[in-house]
Amino acid sequence: MIALLTGMLSTAVLAGGVLALAALGEVLAERVGVTNLGVEGLMSLGAVIAIITVVATPNPWLGLLAATMAGATGGMLFAFATVIVRANQVLCGLAITFLGLGLSASIGHDYAGVPSPATFGRVPVPGLSSLPIIGPAFFGQNLPIYLIYLVLPALAHWVMFHTRHGLAMRAVGENPAAADAAGLPVTALRFWYVTLGAGLAGAAGGYLTLTYVPVWSEGLVAGRGWIALALVIFAGYRPFGATLSGLLFGLITALSFVGQARNWPIAPAFLNMLPYLGTIAFIIVPVVVWHRMRRIMAAPAALGVPYHRDVR
Amino acid sequence: MLGLAAGAAGSGFLRPPGLRAQPRLLPPIAEADALVAFGHTSPVTDGGWTMMHNQGVQAVRKAFPNLRTIYVESVPYSADATRIFRQFVAEGAQMVIATSNYGDFIRDVSDRAPDVAFMECDGHAVSGNLGWYYITHWYASYVIGIAAGLMTRTNKIGFIGSFPIPSVYAGTNAVLLGARSVNPAVTVQAISINAWFDPQAATQAGTALAENGCDFLCGIMDEPAYLRVAEQRGIKAAMWNTDMRQYGPEAYVSSVTLDFRDYYVSQVRARLAGTWQPQGHFLTLGNGVDRAPWGRTVPPEIAAQADAMRTRIMAGYNPFRGPIRDAAGRLRVPAGEVMDDARIYQWDWAVEGVTGLD
């Protein structure tokens, strides 16, 4: 039983890491008021760029960096269209998804099936990694896992909620006109946070091919980008919320496979549905049970609305 | 648009279905005038199913250098498929090969284009100009099952499938029956991940099976994710579609390998010569489907024992013989009865000893 829990938690952390990182990136974009539906395409782009990079120079950090840059480049394109030209965010996001999927399929054509020559090895934290159940899952993983689950969300949380800059950033997402009147650079903040968020989505794709499934094939991301988008809502647009929801989703997915492997008397189709049912339940239940959650979980007020100073 | 309509009319595509000619031989075609179109279910770079079909396309190109081939990747199982097959006909294809099951979506087109030869992999219908073909992969799975039965220490084999469909039933059941023929204590635990290609889900499924005591993983997947799980955990795995040993040389046992090259060349040759006939055809063990050369960690005596059965099957022996009970314990195949290929092709129940597939 303990071995089972240990293993389940361990795979949940690995599988959830992809989602947590992509969701964190999306939190950044949505906090400044821009919905980026391009996550799936950006992840795919990051995944293939990471493989191409490590095939050229077998250093996983370089691969991850290249994946981040690829995501950020796609993000700049998206931010240019949505923040500067102020085109429709939904359409541009979908365009980025298709662009990313198509581009990664064509540039990855010759890399299909090539195993990643360099991956992140495990770096156990001395002492903590031998704790029962949670030790191997949380303290016996590779370095990007620690980054994804601790360093990045902590940094984002601190910037967002404990600095003046974070206040400005959130103001841009809540009420860009007021922020503009207060002298904040609305366009610049939106542009760079969308780019940064897209970079994290690219990094999530790179993390996928550098640790979890170290090989490139078309369709590798398999819809995880869309799930990351949904998790942002469940996360209440908060960095640690994104991390936790990624982990929880990983755990439920792991549970559905463990259920099948242990032959629980539940239909496999139902077990496969668990992650999605879980997502819906997690979004609905807290809001219904505890009314205050509605305010806490609320989306930034200006989410999805392009800001035109000249029409004010 | 005009050109398309004219082309469609010229190829008989607009002829009402009621006027369809009775089954007959299609006229021969000069190689330089021939166009053969392939519709694939996934990208040709998928590393599995479609890649193997694409090798068949390459073989056709090599055998008939003056003939033109076209293909469309990722043809969805929807009315879009009808549109794509119709487009093939409109472009003047004399032969259309769908490398996966498209059922009525292809039948709609074939009935209206009686001068075009249609072939559907994993299909079931035969009409005046539509035939199907499939590989008898269950024999290769049976042979690999023997190796699995001899190599497992925990007597638990894991099977990662996509959906509960006949191919997955046949593959899972064949592994179990092969394993039980040498080790009656073996059970097979199956997991369906609802995809042919989802490395993340296959990784999780493989991990869950390994943690539940399986020390030999089988499956039908287009990619090698669970082989890597086996490699990391020091257990064994057998794959599908292609030789995948490079992804886990220690864990790799064998694969059910597919090879459509000779079959496609022979069918195109028949079409060119005017001797092509619609039929249902099974590619037999050794002629289109086989086990891959054994992995380096497979003991030679186990490989020899499994190969002895392979030789027997290739000589005509059918190991799928009664008594076979289903997972509920009901006798489905009485002693003395043999399940022929047509029956295995429709297999929709799990054999006693298989769990997780009902």
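Cβ atoms are placed via backbone N, Cα and C, with glycine included.
Predicted automatically and left uncurated, TrEMBL annotations should be read as such.
Predicted, not measured: the structure shown is a model, and the values here were computed from it.
Through the fold, the transmembrane segment (A:45-65) approaches residues 71, 74, 100, 103-104, 107-108, 111, 114, 116-120, 144, 201-210, 215-216, 220-221 of its own chain, all at least 6 residues removed from its boundaries and within a Cβ separation under 8 Å. Per TrEMBL, transmembrane segment is recorded for A:45-65 (among others).
Under the heading transmembrane segment, TrEMBL lists A:77-101 (among others).
Residues or ranges marked as transmembrane segment by TrEMBL: A:143-161 (among others).
Annotation comment: TrEMBL describes A:191-213 (among others) as transmembrane segment. Sequence-distant contacts of the transmembrane segment (A:191-213) (same chain, at least 6 residues past either end, Cβ-Cβ under 8 Å): 14-15, 17-19, 21-22, 24-29, 31-32, 34, 36, 38-39, 42-51, 54, 60, 63-64, 66-72, 74-76, 78-80, 82-84, 116, 118-120, 142, 144-145, 148, 152, 169, 220-221, 224-225, 228.
According to TrEMBL, the transmembrane segment annotation covers A:219-237 (among others).
Positions annotated as transmembrane segment by TrEMBL: A:244-261 (among others).
Summarising the annotation, TrEMBL assigns transmembrane segment to A:273-290 (among others). Outside the transmembrane segment (A:273-290), and at least 6 residues removed from its termini, the chain residues within Cβ reach (under 8 Å) are 227, 230-231, 233-234, 245, 248-249, 252-253, 255-256, 259, 297.
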